[in-house]
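Here's the structure we're looking at; comments come further down.
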Amino acid sequence: MFKSLSKRISAPISKSLRTAQPARAFSVHEHSSVELFSQNGVAVPLGFVATTPQEAFEAAKKIGGETVVKAQVLAGGRGKGHFKNGFQGGVHVAKTPEEARDLASKMIGQTLVTKQTGEAGKECHKVFIVEKKQIVHEYYFAILLDRSSYGPVLVASSFGGMDIEGVAAKDPSAIHKLPIDINKGIQLSDAEHLASELGFKDSNKQAAVDTMMKLYELFIKSDATQIEINPLGETSDGKVLCMDAKLNFDDNATFRQAKLTELIDISQVDPRETEAKKWDLNYIGLDGNIGCLVNGAGLAMATMDIIKMYGGEPANFLDLGGTANEKTICEAFKIVAADPKVNAILVNIFGGIIRCDAVAQGIINAVNQQKLTIPVVVRLQGTNVELGKKLMKDSGIAIFAYDDLKPAASKVVELNNQAIESRK
Ligand code: GDP
Ligand code: MN
């Protein structure tokens, strides 16, 4: 959701940069977010997490009355999603604890596909059982980081509920945006202004203002990059409650957010990203079929652009960063090569701190260890480049080596096209 909304509120950014964005953030499950809200004085419905249908039964019994059974996967659009077993919807109302148990049994252990997960979907290992509140109005409320105002922006709409992207597309004026000066922080008048614009009932305005102020405090102190609540519910008994919570946090702040990183559910993260992190590498999955091994984000962008210029599409890029060595380069190469979509690999390294001979040896080791047959194009420049080239030549491995990026990119696209052609 951050992707689609930020597209509307930000200055245009390159598609490749936008695709790369999620890797800078990590997110946690709704039930963890709700707990964070609760700890910070933000009103939420009573809820318990369940990993088995029986636990769902017991949770619903403890809550009493009707409950909402919610699939815990790291993606939005659960309400309108479907499970691969054919069961429709990742959010359901249960009238009785027995019904909660039955619903949980159809969700736990299944894969939920929503418009944000793509075809692959996300595995659902637990459900969140919450008390069902009588909602009289559903709002949308989010705090995002906005490029055009260089800071946080409050985004809200009185047309909350399911499909905020649809609302934004149909009637942009229904989305209210309020940039916040990050140095001054949120002012009471900001929140009051927004609550009035949204049309909160007078009796509930104070609760809405209070919620916005507290969410902003949490946003700042947790190094969040996104807090999204849809719906923010106004109840018949005069309360304002966060009925849903999607939080993302800045990956670069993990060193001071140890508590938050403990909440990360590894089952929801692309395993290649996790593997890359283990070696201090940055992996970004993309949609094409040319694997890219590069060092530095700038070189990564240039590499992707030139591949596209020659008519190819990158399958991923793996940024070695500055601390790579022969061992991590070998692991990096294995990660890129392990993607079944990858037909050919382009290595584009400018050896500065990383020496070209270490890059060459890392690649040779990976190819030998994994008995890889994928064609590899290498463009090396910089420290120890001659030694690197000699190593590759002497290894006997079929590597296409180039000094310049253009012929290297053209070659890798050609090899990719050949692979596609030969499968026809
Ligand atoms: P999403 O589809 O992933 O954003 O999941 P939501 O948590 O927003 O659930 C989808 C829809 O179910 C919401 O738009 C609400 O209308 C409804 N819903 C979700 N949670 C609750 C809840 O706690 N109480 C009630 N009454 N409705 C809820
Ligand atoms: Mn929602």
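Heads up, the Cβ atoms here are built off N, Cα and C, so glycines get one too.
Note that TrEMBL annotation is computational and uncurated.
Since we're looking at a predicted model, the values are computed, not measured.
Per TrEMBL, the features are as follows:
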BINDING   Lys70, Gly77, Arg78, Gly79, Glu138  ATP binding site
BINDING   Asn230, Asp244  Mg(2+) binding site
BINDING   Asn295  substrate binding site
DOMAIN    34-79  domain 'ATP-grasp'
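Sequence features, as recorded in TrEMBL, placed on the structure.
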{"residue": "Lys70", "record": "ATP binding site", "Cβ neighbours (10 Å)": "26"}
{"residue": "Gly77", "record": "ATP binding site", "Cβ neighbours (10 Å)": "18"}
{"residue": "Arg78", "record": "ATP binding site", "Cβ neighbours (10 Å)": "22"}
{"residue": "Gly79", "record": "ATP binding site", "Cβ neighbours (10 Å)": "17"}
{"residue": "Glu138", "record": "ATP binding site", "Cβ neighbours (10 Å)": "18"}
{"residue": "Asn230", "record": "Mg(2+) binding site", "Cβ neighbours (10 Å)": "23"}
{"residue": "Asp244", "record": "Mg(2+) binding site", "Cβ neighbours (10 Å)": "25"}
{"residue": "Asn295", "record": "substrate binding site", "Cβ neighbours (10 Å)": "26"}
Going through the binding-site residues Arg78, Gly79, Asp244, Asn295 in sequence order, which have a CB under 6 Å from an atom of ligand 1?
Arg78, Gly79, Asp244
Across the domain 'ATP-grasp' (34-79), DSSP yields 17 helix, 9 strand, 20 coil
Taking just the CA atoms, what is the gap between Glu138 (ATP binding site) and Asp244 (Mg(2+) binding site) in Å?
11
In the three-state DSSP scheme, Asn295 (substrate binding site) belongs to coil
Which binding-site residues from the set Glu138, Asn230, Asp244 come near ligand 2, judged by a Cβ under 6 Å from any of its atoms?
Asn230, Asp244
If you run the three-state DSSP split on Asn230 (Mg(2+) binding site), which class comes out?
strand
Expressed in Å to no decimal places, the gap between the Cα atoms of Gly79 (ATP binding site) and Asn230 (Mg(2+) binding site) is 11
Any idea what DSSP makes of Glu138 (ATP binding site), helix, strand or coil?
strand
Have a look at the binding-site residues Asn230, Asp244, Asn295 and say which one has the shortest Cα distance to Lys70 (ATP binding site).
Asp244
What is the separation, in Å, between the Cα atoms of Gly77 (ATP binding site) and Asn230 (Mg(2+) binding site)?
10
On average, residues of the domain 'ATP-grasp' (34-79) score a pLDDT of 96
Determine which residues of the same chain, besides Lys70, Gly77, Arg78, Gly79, Glu138, have their CB within 8 A of the center of the CB atoms at the recorded ATP site, and list them by sequence.
Gly76, Lys80, Gly90, Val91, Met162, Asn230, Asp244
